[in-house]
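As structure tokens, the structure follows; a few thoughts come after it.
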Amino acid sequence: MSTVNVQIGLHELLNGSNAQIQLSVPQLVEKVLMRNEGKLTSTGAVSASTGKYTGRSPKDKFIVKEASVADKIAWGAVNQPISEEHFNKLYIKVLEYLKEKEELFIFKGFAGADRNYRLPIQVVNEYAWHNLFVHQLFIRPNEEELATHESEFTIVSAPNFKADPAIDGTNSEAFIMVSFEKRIVLIGGTEYAGEMKKSIFSIMNFLLPEQDILSMHCSSNVGEEGDVALFFGLSGTGKTTLSADPNRKLIGDDEHGWSDNGVFNIEGGCYAKCVNLSHEKEPQIFDAIKFGSVLENVVIDGQTRIADYNDTTLTENTRAAYPMHAIDNIVLPSVAGHPNTIIFLTADASGVLPPISKLSKEQAMYHFLSGYTSKLAGTERGVTSPQATFSTCFGSPFLPLDASRYAEMLGEKIEKHDAKVFLVNTGWTGGEYGVGKRMNLGYTRAMIQAALSGELAKAETAKHDIFGLEVPRHVPGVPDEVLMPEQTWADKDAYKVKAIELANEFKENFKKFDSVSEAIINLGGPIA
């Protein structure tokens, strides 16, 4: 099947009598309620459930193995190949399925807040609530932009269409397929809305580096003087909490590009975790959940329609989707200058990494590639040993290219723009998990404040004798002994054993990067 035929099929779908194009937020909310896809909560948000898929389904994600990209993609467990034949046949079936629907919902918008690099996209949805979701998550066009909008990538989403693995070449009924040649994302079998958001991010992680733009899985904010900070970190490291600063404006909470002009948000909204959400802890997110926002898999009281953010009956991965303008203290459009400060956040449950350390360019590239944090394995059975988790570039599931490409670009940009990089441990101190305690949030905030102000750039440091990190000897508002992790352990020998154990896990993980330069390994990694 040719690309021409594919485009004809899509053209027919987009121009069918059932196509509802660019409905407003109130219209979409009405459709959601009329079609019984969700409920209205006490704050006016739409609440929807995603059925059995309450998170991303990485084993069901594929990239079509096409001649134009075959030698560019880092094929493997993350980027699984699927044949053009399988994709084409499944695509035709999905189009035929959607043509029969009473209504389809179509959103046209952009990914990328910098107008020089934005990607015009369109999304075809079987569900009205999914269309409301993409309306809030991507960048919405004004009337003039909509009139001239020509999509360069299309998401076709049919959650109720189930694949047959025996025929369709999939691993299950669910599928998320990207064809770079046909500029199509095909999603079916899963109702989890995050698949649409992350598919576009994966696409941008392929397209932006080709324009010499580093795509990044991070949050970012900007100070009153125009100083920009990036926060990288895996789930549970405090990225959202620490980047929400009343004295700084939010550029974005999750996906960014770094071009020759500076930093820009890829999205037009936020997709925030809301497990245990409270107004006291995270007022910005709490107050954003209002009319037009979408709650995903949050338990709602049947009578009062009040959301119970502590109830994880459906999943711990409860989410809220809302547009950037739903929160105060933001930059619009979501663009800013070059980063002055880059923070890598890790929650080290072994309690051996310093609470803050300065990184050289090589160390920054090493820790960027490593993407380390801890997961607590088996705590429900009383097992207290933490499990080291490494997610390349703090975003392994979304990187189509070889990881070294992103690391090299980061190194070049750090050097060119003299960005200062810090590794911040928000995990344990005074011992590993079960012995020590979680790092004091007030201390972490003080350390980040000192990094952002430029104070730590000139601070006196001591080299960590196992990890080779430069640890500040003094940070205002933080006891000096807290800065040196060994000093917080009662058993100094036990600290050394645990630190060497973690250093070895870093080294073992790094063996997979066979295309990385020797300088990054020799100058960036542990020294013991």
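For all residues, glycine too, the Cβ spot is worked out from N, Cα and C.
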Candidates Asp253, Asp254, Asp260, the one Swiss-Prot lists with Lys198, His217 as binding Mn(2+):
Asp254
How many neighbouring Cβ atoms, not counting its own, are there within 10 Å of the Cβ of Thr241 (ATP binding site)?
17
In three-state DSSP terms, the structure that Arg56 (substrate binding site) belongs to:
coil
Suppose we draw a 10 Å sphere around the Cβ of Arg56 (substrate binding site). How many other Cβ atoms does it contain, all chains included?
19
With Cβ-Cβ distance below 8 Å and at least 6 positions apart along the chain, what are the contacts of Lys198 (substrate binding site)? List them in sequence order.
Arg56, Pro397, Phe398
C-alpha spacing of Tyr192 (substrate binding site) relative to Thr241 (ATP binding site), in angstrom:
24
Quick one, of the binding-site residues Ser235, Thr237, which Cβ has the fewest other Cβ within 10 Å?
Ser235
How would DSSP class Gly233 (ATP binding site) in three states?
strand
